[in-house]
Amino acid sequence: MKVLAILYDGGKAAEEEPRLLGTTENKLGIKDWLESLGHELVAVHPASTQRAIIQVSSSKEGPDSDFQKHIVDAEVLITTPFHPGYLTRELIEKAKNLKLCITAGVGSDHIDLNAAVDHRIQVLEVSGSNVVSVAEHVVMSILLLVRNFVPAHEMIERGDWEVARIARNAFDLEGKVVGTIGAGRIGYRVLQRLLPFDCKELLYYDYAPLPPAAAEAVKTRRVEDLKDFVSQCDVITVNCPLHEGTRGLVNADLLKHFKKGAWLVNTARGAICDKDAVAEALKSGQLSGYAGDVWDVQPAPKDHVWRTAKNPLGGGNGMVPHYSGTTLDAQARYANGAKQILENYLNGKAQDPQNIIVGLGRYETTAYGQRDKK
Ligand code: NAD
């Protein structure tokens, strides 16, 4: 049985820091565990041994990539959202042995889930493993935009000191209306963390209403119409999965309904926001800021417009590489979770239901869009 793991290269950092588990060097900690079971783990050269059961590589793009070469006979695929191996329908059709996809982390949109349903390939993720990590990053990003932190820090590094240039676009979060698109594990934790900031209101937009007690606990109000929702918010944070119903959800048309000068934080998935429409809204001042860590293609191209987009005052950009959900604390949790899913599979044990995104021939979650269950 072949297990194929597509991870990112950690280089020197991963050699020096063994807790960087999500890397090709440290292999999610699965190496030691498999060896203890008498299996052998090898790198990408299958010719080197007949006993190879797991292939680990970062090479994922194009027909000559290890991903595309090894997917044709892999039974289990392990990927992470941070360095996504894009498993398209076309690749699924070539992957005749594939039975299980494990996402080491949260968010399996890099896999064509509808094709996985059609081909009875199960897709599991480590639900909850990094939701606190992301929620903390969201709160940080909201604050750094609203308080105009990045230009202030850059000014200090340059050796300048012009308080007025920063303060003219710095505000308090207190008294603002903050809303989350998606109030699942991350969205809800963001609301919990924002409660002590004394915002004017905390709103949410989600087709799945929160239980009344949960909504009451964070004093949030649901707004059912998206345009109405965005028009009420000073700050919007995106916390829903990427699926057919959310791809391009924040587009030029919706951005027109935002309050002038709103701040937008997206740590969910890059493709939920239209790249050019967001850059244009920032440039025109319709948005005062855009921050997040997710990009429509990863790694993001060097000339991706979100790397350098600025508001008319030269600030408002809080973009970073995809790492909010891959703190060392999170890596320990999702590496363990991925290992547990693999162990269950190898031993024929039942999987934790909350981790199952696609079961045999059907979606097992309602979070990836409103659809009739097959
Ligand atoms: P979750 O399943 O607990 O919650 C998702 C919520 O989004 C659900 O309540 C669902 O009903 C809602 N939703 C789905 N479609 C919607 C729509 N069209 N409009 C409004 N709400 C909608 O998931 P979670 O653990 O909170 O994670 C959410 C997403 O965050 C993941 O799918 C992933 O894409 C992203 N994520 C990013 C990172 C990172 O490192 N940046 C890490 C983890 C997760």
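Cβ coordinates are placed from backbone N, Cα and C, and glycine is handled just like the others.
Listed in TrEMBL:
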DOMAIN    55-350  domain 'D-isomer specific 2-hydroxyacid dehydrogenase catalytic'
BINDING   Val106, Asn130  substrate binding site
DOMAIN    140-311  domain 'D-isomer specific 2-hydroxyacid dehydrogenase NAD-binding'
BINDING   Arg185, Ile186, Asp206, Pro241, Leu242, His243, Glu244, Gly245, Thr267, Asp293, His322, Tyr323, Ser324, Gly325  NAD(+) binding site
SITE      Arg269  site 'Important for catalytic activity'
SITE      His322  site 'Important for catalytic activity'
Val106 (substrate binding site) and Leu242 (NAD(+) binding site), Cα-Cα, nearest whole angstrom:
11
Take the Cβ of Arg269 (site 'Important for catalytic activity') and count every other Cβ within 10 Å, whichever protein chain it belongs to.
25
Sort out for me which one of Asn130, Thr267, Ser324 has the most neighbouring CB atoms within 10 A, since those are the binding-site residues we care about.
Asn130
Can you tell me how many other Cβ atoms are located within 10 Å of the Cβ belonging to Val106 (substrate binding site)?
25
Restricting to the chain of Glu244 (NAD(+) binding site) and a gap of 6 or more, list residues whose Cβ falls under 8 Å of its Cβ, or answer none.
Gly369
Neighbours of Asn130 (substrate binding site) among the recorded positions Thr267, Arg269, His322, Ser324 (Cα to Cα, within 10 Å):
Ser324
In whole Å, how far is Arg269 (site 'Important for catalytic activity') from Ser324 (NAD(+) binding site) when you measure between their Cα atoms?
12
Could you state the CA-to-CA distance between Arg269 (site 'Important for catalytic activity') and His322 (NAD(+) binding site) to the nearest Å?
10
Would you identify which of the binding-site residues Arg185, His322 has the most other C-beta atoms lying within 10 angstroms of its C-beta?
His322
Counting across all protein chains shown, how many other Cβ atoms sit within 10 Å of the Cβ of Asp206 (NAD(+) binding site)?
20
To the nearest Å, how far is the Cα of Arg185 (NAD(+) binding site) from the Cα of Val106 (substrate binding site)?
11
Reduced to three states, what secondary structure does DSSP give Asp206 (NAD(+) binding site)?
coil
